[in-house]
Amino acid sequence: MGFTGFGKKARTFDLEAMFEQTRRTAVERSRKTLEAREKEEEMNREKELRRQNEDIEPTSSGAHVVRDCSKSSSRDTSSSESEESSGSSEDELIGPPLPLKMMEEPSNHIEEDILGPLPPPLYEEVEEDDDDDGDSEEEENPVQKIPDSHEITLKHGTKTVSALGLDPSGARLVTGGYDYDVKFWDFAGMDASFKAFRSLQPCECHQIKSLQYSNTGDMILVVSGSSQAKVIDRDGFEVMECIKGDQYIVDMANTKGHTAMLHTGSWHPKIKGEFMTCSNDATVRTWEVENPRKQRSVFKPRTMQGKKVIPTTCTYSRDGNLIAAACQNGSIQIWDRNMTVHPKFHYKQAHDPGTDTSCVAFSYDGNVLASRGGDDTLKLWDIRQFNKPLFSASGLPTMFPMTDCCFSPDDKLIVTGTSVQRGCGSGKLVFFERRTFQRVYEIDITDASVVRCLWHPKLNQIMVGTGNGLAKVYYDPNKSQRGAKLCVVKTQRKAKQAETLTQDYIITPHALPMFREPRQRSTRKQLEKDRLDPLKSHKPEPPVAGPGRGGRVGTHGGTLSSYIVKNIALDKTDDSNPREAILRHAKAAEDNPYWVSPAYSKTQPKTMFAQVESDDEEAKNEPEWKKRKI
């Protein structure tokens, strides 16, 4: 068939035998290690005993001990043993006898049951203490867990990257920006060129504000500047679009959807297909993917006086039972998911009024809430005692309404970004310790603002979106898993030779030999053939001179319309008085009737016209009584 080894049987592997062989090898290695360590311990103890005996015990007692030990050893040893081995044992045993546990050798049947390498019994406590010390060091210094030794840069565009989303498995990253584009990045499919495999504009001419994968990773929630959120699948195809509400209804609870610009959105962490959005219409709405024609429930934030207030950000708690929203008046309101009327927690002055709180995020244990305010602060709250902030940090400038904050996977650090003016420094990623809220670490990202940040718990990698159109991924080869490590090791693909041309040729079908027309070897023969052709040798007709002939118009123009226009222009008759123009032909029509009179010559009666009298004749014919009256 042209294949080497075609038809041979595939090689099979016995996994049980392989595991058994591995187990035996591990047992043997552990046995050898234990024996070596026991021998070393025996040697050390014997040396110590020798030193003690030489300093303290007299020679007589030493001889007596030697005799006793020799007797006990002679009892234990069999008669078949050689004299040399007994003599060597007598020389080695000096001092008091060793404990029975040290003299007894471990039984073979116990060692056979042990799988894997056995820890040495004498050093267990020491190793446990070392592990405890290492754990305490890590607890004391959580900065060592930050994966920032390496980074890669993904070029999204030239405008701000305002949205980041990473699926739960960490295989795909999605970015969105002010340029209306949403780009998909596959870490396993990318090479060192770091190019997106798909780019689309799901919301046409609206800026992308939020992107988030669902908890199953098969759908993406897209929140833009429009009033309708969209859900797309992993490949970018639209799954559903929320309905737009009626903006002329006063009570927003009676509309089927949002009526103003959206701010952000979030998926439910437990229930598949449920998500939440907040809008400028002063509502927070929950939706279901199966029912895009109407929202599931409506939450209406209110001030302490009962007035409407616009929510700028919203999120679910880790268990999905609570919904938190931050509003433009500086308040943070938290509702029970199943009770939409009154908030469960309400702190009215969490941040400065009139500023847009850009992010609220729950910790992984669900007890702490972090809020990133538009007043350049980051605050930490305990929802069990929601009456004052636990900690507050200031001096964190922000110029974007979607600046992020997030918790580390171990809940020990809190991360946020800072904004800078163009050409006035570099944006930073700032790390705070949760327990003391100290500023423990900073990373200079780029010479632009840091807008979005995301710390994935499985990959242990940090994704950052900047104000100059870049998306950066920070990782550590030892601490991180998969993600950016997959595409960094792949070299950039070279272009195939078949796809490249040394010169720019333009190939047309008729240039190929099979389509090419036969060429004449000399032009003289071709001219002779053309002379014999009546069509090619026909002399063109010259322009008409004179009045014209053969149906063609002469000097006045090449077309009939131009000739008529010319003649109309030459007509000098004055038709200003239509009565005179008609009576001009009256005598000719009476003498030679042609159009109307012949048709009625037999049926038309003879015309009789009334006699018109002049004024003098009328005066003569007046009666006498009229004249007398005058």
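Don't overthink the numbers, they just go from 1 along the chain as shown.
Cβ from N, Cα, C; glycine included.
Those TrEMBL annotations? Automatic predictions, nothing curated.
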Choose the correct range: of 295-318, 607-630, which one does TrEMBL annotate as region 'Disordered'? Give that range. 607-630
Close approaches to the repeat 'WD' (360-384) from elsewhere in its chain (Cβ under 8 angstroms; 6 or more beyond its ends): 313-319, 322, 324-326, 330, 332, 334, 345, 347, 350-352, 390-398, 401, 403-407, 409, 411, 414, 416, 432, 434, 437, 457
Counting by DSSP secondary structure, give me helix, strand and coil numbers for the repeat 'WD' (255-297). 0 helix, 19 strand, 24 coil
Please spell out the DSSP helix, strand and coil residue counts for the repeat 'WD' (360-384). 2 helix, 13 strand, 10 coil
Based on DSSP, tally up the residues of the repeat 'WD' (154-186) by helix, strand and coil. 0 helix, 19 strand, 14 coil
